[in-house]
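Shown next, in structure tokens, is the structure this report addresses.
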Amino acid sequence: MKDYISSPLSPSNKKMPDNQKISPTNTPIRKKLFENTQSPIHFISNNNNNNITTPAKGLASVIKFNSSNYGNHHHQHHHQHHNNNNNSTVSGSAIKQHLNKSTFSTSGTTLTSSSDAILLPEDKVPMSVYLRIRPLSKKEIESKESNCFTVLNTTSVSIKSSRSDSDSNKFSFSSVLPPNTTQPQLFKTITHPLIQSFLTGHNVLLLAYGVTNAGKTYTVSGSKRNPGIIPRSLDLIFKSIPNNCLKKTENLTLSNNNNNSTNNNSKDSKDILADSSDDEYTKVDNIDSSDEDDSNAKINSNLLESFSTTNTTATTNAAAAASSTTATSNGDVIQISDQFNYSIWISYYEIYKKNIYDLLDDSPSSKKKQSLKIESDNSVVNIKGLKEILVSSVEDARDIVEQGESNRKVGGTKLNATSSRSHAVLTIKLFTSPRHIPKSDIHPSQIRCSKLCIIDLAGSERASRTETTGETFKEGSSINTSLFTLGKCIEGLKQQALQQQQQQQQHSSKRQSIHHSNPIPWRESDLTRICQEYFCGNGKASMIVNVSPSSCDSEETLNVLRFSASAKEITTLSKIKPMVFLPPPPTTPSISLKKRKSMEQPINNNNNNNNNNNNNAYYNITQLQNSVNEIKKKIHLDNLLAVGQLPISNNNNNNNGKFDYISMEKDQLLDQIQIYQKKLSNYEIKFVESEVTLREEFNNELIKNYIELENQYKERLVKESQLIHDRVQSKLSLIKNVNINQTNKLNCKIEKLELQLEQQQQKTMEANNKALVIVPQTNKRTDDEWIIEITEVQTERDNIQNKLNSILFELDEQRQHNQFSLERIQQFTLQTEQLEIERENLLTEIESMQSKGQELIKLRELEMMQLKESMNSDAQKDRENLEIQHNFETSNLNNQLQMERQEKLQIIEEMRMLKLELQQFKSNQSIEQQRNNNLIKNQYYNHNHPTAATAMTTTTPPIMSTPPIMSTPIKISSVGKFKATPSKSLIKNILGAHSNSPFKNANIESSVGGGFKVQLNIPGSPIQLAPGTPNSIQSQTPDRPILDPNQYSDSGLLMQEIDDDDYLNITGGGSANDGNWTDINVNDDSASEYDDLNSSSKSFTKKPKKTKSFGTIKRIKAVAMIPANIASSALNSSTTNIDEKEKLEKLEKLEKEKERLEKERLEKEKEKERLEKEREKEKERLEKERERLEKEKEKERERLEKEREKEKESKPKVVKKTTSSSSIISKKPSSKTTSSLTNNNNNNNNNNNNNNNNNNNNNNNNNNKSISPIKTVQSPNSPSPTKLQPHSSPNTNAKEYFNLMNPQVIIHFREPETNFVPSVTANTTTSTSTSTSKSSKKTLDSLKDTPKKIANIFSSKSSKEKEASTSSKSSSKISSSTSTTSTAPKLKRFAAITASHSIENGSESSPIEVDTPPRITKKPPVPIVSKVSSKKVSSSSSSTSSSSSSAATIKRVRKIVNEKKNYLEDDDDDVITKMATETPRKTLGLRPRNLISQPIQFR
């Protein structure tokens, strides 16, 4: 049955606006028919919902508009209008078909119909376009390619092109699939709805489009792990089709070789039915859409026959089967009806270089494959010779697809190693036929064919980027050409849609215009010819646009997106071919076949008459009414027959009066059936009547519309004919004008020829006249001759006319040639314009590439800057971490140092105690032995003023019965950084060593600072001392300093290795080099002696000693200048009672400790470098502190001076004449003198204390504590002094000498003031008695600060060359301020304390004169101490220069040092003195005076 042609399409191929479409709900009787319904009837359904439950839905669906378009040329309009009118009739059989397929509910109030059994309305489906963005590849990530896409939402994106940085490039799609979309998600979003439409009967086209290397093949085919669209589609199709309904045969192949086929679907159905060996299919004739009218006639007759039956059950089942064909998705599987048989056919081919090749061709590879040709008719494409294989399982289908993919053309380019070089087309056909109809009754119209076409398009590419040449370049050019043609076709469809919209607007505004759209170039490419069926015919089209997110592909991607934007705006028409159901014949025939034919014959005749009548466009209402009457009669007869066949129950007699309940129930059921049949018949009659009235009104309106359209068309034809007439007239006028011009020219030529002819005739006449005159006139010409001549002239004229015609013809040809050349010129100009556009595009691309290069350079620079900054920040962080780690390590090291220092202090204390015990024992033995030896001597004191006592020599008074005494300094042990001061027991042993010692009962008191105060009372003596001689001696030991670990030199933990001499000194065995004294020249002030001193100290420090020790035990040598036999005997006897084994064990432990500390030394040396920088800062702070302390000391000093002056004033003045200094000096050292050994270590201590960052002003003095030398002053109340003869024996001891003194002597061991550098001033004694008071006053003044000026008795060598160099530099600065200072000789201690007592008979005591020579000193290394010392030196030098005797005294002392070498030397270093360089030794010369009976105070 042919569909009706509706009015939305005008003869000029214009579409009517929506408000002019005819719908049953727009008629005047709408309210009358549908006032009880909830929703109006929609004439055209815009969706796929086919379950509309409205009473007139089935009726509306029968009236269906055809979408066939009119021709594009005006000369086809009339003919097509004629054909449309022929088809504008409604067949009465269609009504009966609809009535036959309608079902009613049992309640009689609700009507339902199945629209699938009827022709479905056409659906205008917009083309779905999906965008899939592939992720960046590894190479793109390594090359740092950026993503040019920005996903705005699920349906729109924006792209940033390399040419333009603007974000205006925004595109919208049906759906946007981001890079993280999986294959199942893509299939569910895109392909699943398409498969559902395919199973319901729609034709579906799916395109995969994009540039090369964008992921098209992966999307379509996928991989083994992630299959693509094709494998998943096959799985879904075979899962959805019931197994019992699937055609199962061996693989059956079809070859399309029918050249005369006009419909692919009909041919396929014929081939299927012909080639099938199953009983389900039968052979049928060829079916074509043009033959549908004939087939519909046959079907209508069958419908009328079936309509007469009363078997409503069969019709209900058929309708239910039809309704079940609608596929419903239940999860992944689509449920379809099992009332049909299904068969699936697959074909796979490719389009390579404008040729089609079958991918399923099994021909040998050696043979060249033959290309296939396309044949098309009525917009249906057929490929001749293409294989189509019947498949019955998923495995078979997959094998076929894999075979085709293996035969596909694949090549490698720069951008893609496996680039597809052809368009692959996979076609899946699904044939559907009803199962309940026997094979003999199957009609081809009952077979439905739906197609699923999946096309994997080859990627568009640029040869400049892919770098293809040769055959690959040709492949790329053919791919680009076919894609360009597809783009033009889609753009043409878009323009047609826009024009149709404009025409609709013009119709609504009642404006008329003629638009001639350009034809769409479908035939320019095989790809577009294949796709034409789906775009322009019946089908749904979808497109998957695959794009690359790389910024380098942004230009090609932008073109693809523009193409997809055009494709999104087009729409396709999709309709489902209805399934015609033929129910089985009725079981109870009510009307004979002849009567049904006679009933049907008027209707068919009416249809034929309407088809032959070209001017009738409306229904024949009378025929419809007749058909209604026929239906009423039929229904009435059926009801009568049904009633007559009802069984009547007469079982009462047979059952003996019992009720036959079964028969009664049957009667009730029959009554209900009759009631329902009446209702049904009434309802059908009403429905038909309403349908007839509806059709009548609809046809009236339709006729009006057709009349209007016909009038409009006639007007247009008139206008067009007028235009054509005008054009013909204009052409004719042009031809006439040309002919007139040509005839005018010819007339001009003829006139000229006639003139020439006349002239010639005149000449001939003249010549004849002359001849007549001369010659007798001949015979005249006859008429025939004249006629002949005229005819000749006419022939010439005709020849000329022919020439003119030929010239005109040539002119026409020339015009045509010129017109053709103009067209060629226009073409060439277009080509040149295109080339110019391409050149401009290339230039813009070059500029964009240059800009990209600059941007890349800038990006690289920025990256380098960022990298540098990050590296700098990392380096800074590493430095900070290293500093933190370093600080942490140093803190740990400091903690270790503190712990080690504590251990060292314990060891030092043990060594100190051992040394003290050794010294006590040794000193007691040596002193006692010396005393016993001195008792033997008979020579005593011999006071002789001109002779001076040399250092460490004994003086013997001339008259003395007591044993002699030698004046030796009291020994002090130095352990580590501490000086061990004598204990009480030691002092008592020293003072009371002799049995006759007068000092046994000495008073010993402890001072506050830790020292001792000893007061010796000299008993009365028969010897009368000179007036002014002191009768008491008082001195004080240095206080014990407090431990300060920062005073250690060399980071506080270094100690020298103990050598053999040190070991002997510790054990008390002495040294082998004790008697080897070095001669020095005191008068030489050059630096050579100092260099010798430094070299000796260096040689000492350069010994192979491991300098990791808690402190070096210094052996202190204070040996008096006594004979060798006495000294050796004393030293040998001192080691007899000492346990050497215990000491050796302790020394072994010390050796092990040294080895452990050696490893730590290197680490601490590194730490020392860092601490040196901090020391410099600490020095500045110490300078300010020292200045403050100096001021305080000066104030304290002034206060003490005032107190001393008061004391001196309170004492009586002593007037004693003394001899001049010249008389005191003698060449032979016969007189006994007292000298003191001063050892100044303040400079070294100050230097090391500054380096150790400690404020060691007080500690320096504590470390430099020494026993103040004994000084003798003359008592003011003593009588006139008498000269004492000096000792003549060199073996007398100073201890015994003091024991022989009768007067009371008080000795104070006092702590020196801090930071005071002692300086010794030379004092001279007066020779006259009148100047005794002045001399004594000067002596007291010079001796006021003697404890501060005298250096420590014990000193050590410098252990470092660096300290010696710093002291030498500092000494050069102080040399300018004092003239008496000079480089120190190579000595460590020098003390000369001699006291000569001249005891006269009858006198108390003889006076003692003290002469102190100037000191020899060095500048200390610390600048602050140097300033202090320089002040003291300058004061001392000024005092020295005041007397003339000081120079003589200095010479005398130097001579004594050179001759006698009476000085003490220590070969070992002291840890305390390591902090400073070796300081000069001070010498003090004492001139004896007559002792007096009164006590003498020494401070």
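From the backbone N, Cα and C atoms, a Cβ is placed for every residue, glycine too.
These features come from Swiss-Prot:
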- Gly210, Val211, Thr212, Asn213, Ala214, Gly215, Lys216, Thr217: ATP binding site (BINDING)
- 739-923: coiled coil (COILED)
- 1134-1257: coiled coil (COILED)
- 72-82: compositional bias 'Basic residues' (COMPBIAS)
- 252-266: compositional bias 'Low complexity' (COMPBIAS)
- 497-506: compositional bias 'Low complexity' (COMPBIAS)
- 1029-1038: compositional bias 'Polar residues' (COMPBIAS)
- 1161-1212: compositional bias 'Basic and acidic residues' (COMPBIAS)
- 1217-1265: compositional bias 'Low complexity' (COMPBIAS)
- 1266-1294: compositional bias 'Polar residues' (COMPBIAS)
- 1324-1334: compositional bias 'Low complexity' (COMPBIAS)
- 1338-1348: compositional bias 'Basic and acidic residues' (COMPBIAS)
- 1365-1383: compositional bias 'Low complexity' (COMPBIAS)
- 1395-1406: compositional bias 'Polar residues' (COMPBIAS)
- 1425-1446: compositional bias 'Low complexity' (COMPBIAS)
- 126-570: domain 'Kinesin motor' (DOMAIN)
- 1-27: region 'Disordered' (REGION)
- 68-92: region 'Disordered' (REGION)
- 252-273: region 'Disordered' (REGION)
- 497-521: region 'Disordered' (REGION)
- 1021-1049: region 'Disordered' (REGION)
- 1088-1107: region 'Disordered' (REGION)
- 1161-1295: region 'Disordered' (REGION)
- 1318-1383: region 'Disordered' (REGION)
- 1395-1451: region 'Disordered' (REGION)
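Residue counts for the compositional bias 'Low complexity' (497-506) under DSSP (helix as H, G, I; strand as E, B; rest coil) come to 10 helix, 0 strand, 0 coil. For the binding-site residues Gly210, Gly215, the ranking by surrounding Cβ atoms (within 10 Å, all protein chains) places Gly210 first. DSSP assigns Thr212 (ATP binding site) to coil, not to a helix or a strand. For the compositional bias 'Basic and acidic residues' (1161-1212), DSSP puts the residue distribution at 50 helix, 0 strand, 2 coil. The C-beta environment of Thr217 (ATP binding site), restricted to residues of the same chain at least 6 apart in sequence and closer than 8 Å, consists of Ala208, Thr418, Ser420, Asp456. Ala214 (ATP binding site) counts 28 other C-beta atoms within 10 Å of its own C-beta, drawing on all protein chains shown. There are 22 other CB atoms within 10 A of the CB of Asn213 (ATP binding site), with all protein chains counted.
For Val211 (ATP binding site), the number of other Cβ atoms no farther than 10 Å from its own Cβ, over all displayed protein chains, is 23. With a cut-off of 8 Å between CB atoms and residues at least 6 apart in sequence, the same chain places Ala208, Tyr209, Gly210, Ser420, Asp456, Leu457, Gly459, Ile544, Asn546 near Lys216 (ATP binding site), listed in sequence order. Predicted-model confidence for the coiled coil (739-923) is 86, expressed as mean pLDDT.
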